[in-house]
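So that you can see what the record holds, here are the features copied from TrEMBL:
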type	residues	note
SIGNAL	1-23	signal peptide
DOMAIN	96-179	domain 'Ig-like'
DOMAIN	202-277	domain 'Ig-like'
DOMAIN	295-380	domain 'Ig-like'
DOMAIN	385-469	domain 'Ig-like'
DOMAIN	475-556	domain 'Ig-like'
DOMAIN	565-653	domain 'Ig-like'
DOMAIN	666-764	domain 'Fibronectin type-III'
DOMAIN	769-866	domain 'Fibronectin type-III'
REGION	866-923	region 'Disordered'
DOMAIN	871-966	domain 'Fibronectin type-III'
COMPBIAS	874-886	compositional bias 'Low complexity'
Amino acid sequence: MGSPWKPLLLLSVISGLSDFAVAVRPVSYTAVLRRKPDISSSLLSSWPRPQHQHDHGRGLVTPDWPASFSNHHLSTLSLLSSQEEYRSQEREEFGPVFVQEPHDAVFALDSEEKKVMMSCEARGNPVPVYSWFINGTVVETENRYSLIDGNLIITNASETADYGRYQCKAENSYGTVLSRDALLQFAYLGSFSGRMRGGVSVREGQGVVLMCTPPPHSPEIMYSWVFNEFPLFVAEDSRRFISQVTGNLYVSKVQPSDVGSYICLVKNTVTNARVLSPPTPLTLRTDGLMGEYEPKIEVHFPLSVPAARGVTVRLECFALGNPVPTITWRKMNGNIPKKARLRKSQAVLEIPNVQLEDSGTYECKAENPRGGTAFKGHIQVYTFPQWISTINDSQLDSGDQLHWECKATGKPRPTYRWLRNGEPLTPQSRVEMVNGELIIQKVQQADSGMYQCVAENKYGAIYCSAELKILASPPVFSPNPVRLIATLGKDMLLGCRPRASPKPRVTWRRGDRRIQPSRRIMLLRNNTLRIINSTRSDEGNYVCRAENQFGSAEMTAMLWVKEAMRVDLSPSRVEVTVGESVVLSCRVSHDPSLDVAFQWLLNQQPLNFQQEGGHFEYTQTQSSTVDLMIRSILLKHAGKYGCRAQTSADTVSAEAEVLVRGPPGPPGVVIVEEIKDTTATLSWSGGVDNHSPISSYNLQARSPFSLGWQTLRTDPEPVTGDMESAMAVELNPWVDYEFRVVASNAIGTGDPSAPSRGVRTKEAVPSVVPANVSGGNGRRHELVISWEPVSEEFQNGEGFGYIVAFRANGTRGWKEKMVTSADSTMYKYRDETFPPLTPFEVKVGVYNNKGDGPFSGVVTVYSAEGEPREAPSEVKASSISSSEIKVTWRPPNPGPGRPRGYEVSYRKDSEQEESGNRKKTVGNETSMVLTGLEGNSMYLITVRGFNSIGQGPASTANKPLDVSYVGHVASHSLC
């Protein structure tokens, strides 16, 4: 079946060059597949074998083309030869290579699925066949065992018959390989014995161990204990401990509260099955208390603890004793790793992700006031073997030497062994095996096959494989014949690279005469014929003959010699301004029998017309002339443009320089040389001028208070293009600034430099005064002064505050008060001696830690006016209805304490003053309608003024008003 990649390979070749044959070897994907074993097998079967370590020539004669032309025009003959070679690679046969190897597995015996599958898949041509081993014995695929592809299916699996290590073997006519072995385990959890357990009786204060004695199980189980009844579990603390190694419950000092029934609960970590033991009663003896005794360690880790790198190591240590012992840990000759954790009241030391440096001797110590005891054990961290280098497929001629080497790391250090076709390889007269090296002298056809290097230590083994092919074939040329075109006056190489094994003897002839080396014709070591300074007389047919003991073959190279091609690119140098357009014209002269192809380059890199946003346009005005138009040119388009012309005989190129004038590039790094309170001295390095001299620099800054970047005043001003230092002036003190520089030339303003590091100007006395100083209102005898606060931008330093100065009109001395909060907007001054609405001269100044700043202008602010002093007069009331009265009054005379509104109080003649009602006007109204009154009732009414300071005196109520009936109208003067 054809490869799905073949159309892509053919499409990548552009047809058109006449009579020029180049065989293109397709890319091999096998090496990729070996690193990606999850690729589907349906694709694997159609992909070729990887390139071999040693590969003989294929009779190709190729001109010395630049790499950038590797995808240029090829002839029809070339395409056909490429297809034939690709088909031959598809048909290439090779030995088996594993795509998937078996992995360790755990099978739950209580699973509903009664089948176990051990996976194995290999690719090869012919298709491999499979067999399996269990514990080194061949598995007979009958009864309970069957194969689906390479996978082994075990029906009705059982631990007694099927537990063990499995290995897959894949083989075809080219060799045999063995997979790594995989352990198959079975998960199950039996039941506890139904026999009743005897009770345990101890003295109070004595230690006790309650045995779990778990039932048969696999793999690991977890332990817990139930106290009296489920689900009340024993809580572990410094006095009680459950070992996850033994499953036993340890109580260092029994208390009366411990009396009861104990049940051991075990859980399988794979199946999650749980079973409960029969209860174990714990009682207290009545013959006295247990006295104090020194600790005795009942639970401890082994003397030697092997651990694989990367796992979590768990060390247990628990002691019985009275009083309850304290457990401590230490690492001998070192420190306990920082990642280690203490669990269960320090009875468990956990070391996650254990590494080689965590190896060492660890000690746990149990102590109480009666004494102490300790236990030491050693953690030995090991690592599985891992490959550093492996072996690759090799093709050798008969009689050559094979030298393979594989290297692996691991602790303990791995040892090596070699397999050939699945069988151990032993040293012989021609075979040497030393420390992962395999050397076979004078290889023979019988040495062909699949080889495997196995690196192993006591904890595991890893396999790598490669195929050795011993070549034995007569010479074969492909393609044949070969058509070549040389350029007049230049050297020409005619290659002769047949496929053959062993290497053939090669001779050249022209016509009937054997070619003898001369000054112009040389035979190189690789059997290539070199013709120096080609002439028309060199045209003709050249025959290469190759011969070995298996046969001979000839290849004909047909050589034509053509005139050299010349190219002219104009203009050779041009200057343009950003935004303008320019046209480069490329003309070539060449042999008219040859087609010419063009390529444009910028700074020796091919131009990508699709990615340049329409700036470049390619036009071919004649068969030998092409133009390149650059529209709306940008600075990045400056450089050396190349026009490369190519025929099947020759490749020539020419260059033109395009200079683009534009705004300057960004200046270099901006450095703050000196910083003061209002100035900063900056320096920078000039950027590129883009072919137009820099005329000036613009200094810019930004701060937390500015809207983006702001242009600065400078000294000197302007900053000319030949300067690389200037002083920024009129900065604000005690403000954080960043600075940058922008260059300009006759064409425009360029991009800014990168910002400088942030700096803060020095502190200074404040110079900005508060705005809108005013005041007024407040309570009686208060002078209220207000202002707008000064922005932090203008506070000029730490310790900023305000100085409030005031004096009564006509007085000489100023009173000054300090307001320490920079955010304050008001100051209140109280003095019982000054009357309401006293005019004051007021000014507000600023200060900070550097000193006092200026004051604002003087303004007049009046003190608070006080509450109304006079009662309203001419208070009158008239009945509107049986429930409504209209009250009117005359306001008091103008003066201090002007009312801002009025309050009307009213009550029945028979009621106390405290129980009366009150109602206020909305503003300075002089009338009000009272509603909701009772008919045939006499009301007493008073009116008083009020303002923000308080209430004034009330009017006098001396004539009660009778509200008698609807429509009755009466008018009474009440004061």
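Numbers run from 1 along the shown chain.
Backbone N, Cα and C define each Cβ position, glycine as well.
Note: TrEMBL annotation is automatic and uncurated.
Here the domain 'Fibronectin type-III' (666-764) has a mean pLDDT of 95 out of 100.
Contact between the domain 'Ig-like' (385-469) and the domain 'Ig-like' (96-179) is supported by 3 or more Cβ pairs under 8 Å, counting only residues 6 or more apart in sequence.
Using DSSP to sort the residues of the domain 'Fibronectin type-III' (871-966) gives these counts of helix, strand and coil: 3 helix, 46 strand, 47 coil.
Secondary structure of the domain 'Fibronectin type-III' (666-764) per DSSP (helix as H, G, I; strand as E, B; remaining residues coil): 0 helix, 43 strand, 56 coil. Across the domain 'Ig-like' (565-653), the DSSP tally of helix, strand and coil residues reads 7 helix, 50 strand, 32 coil.
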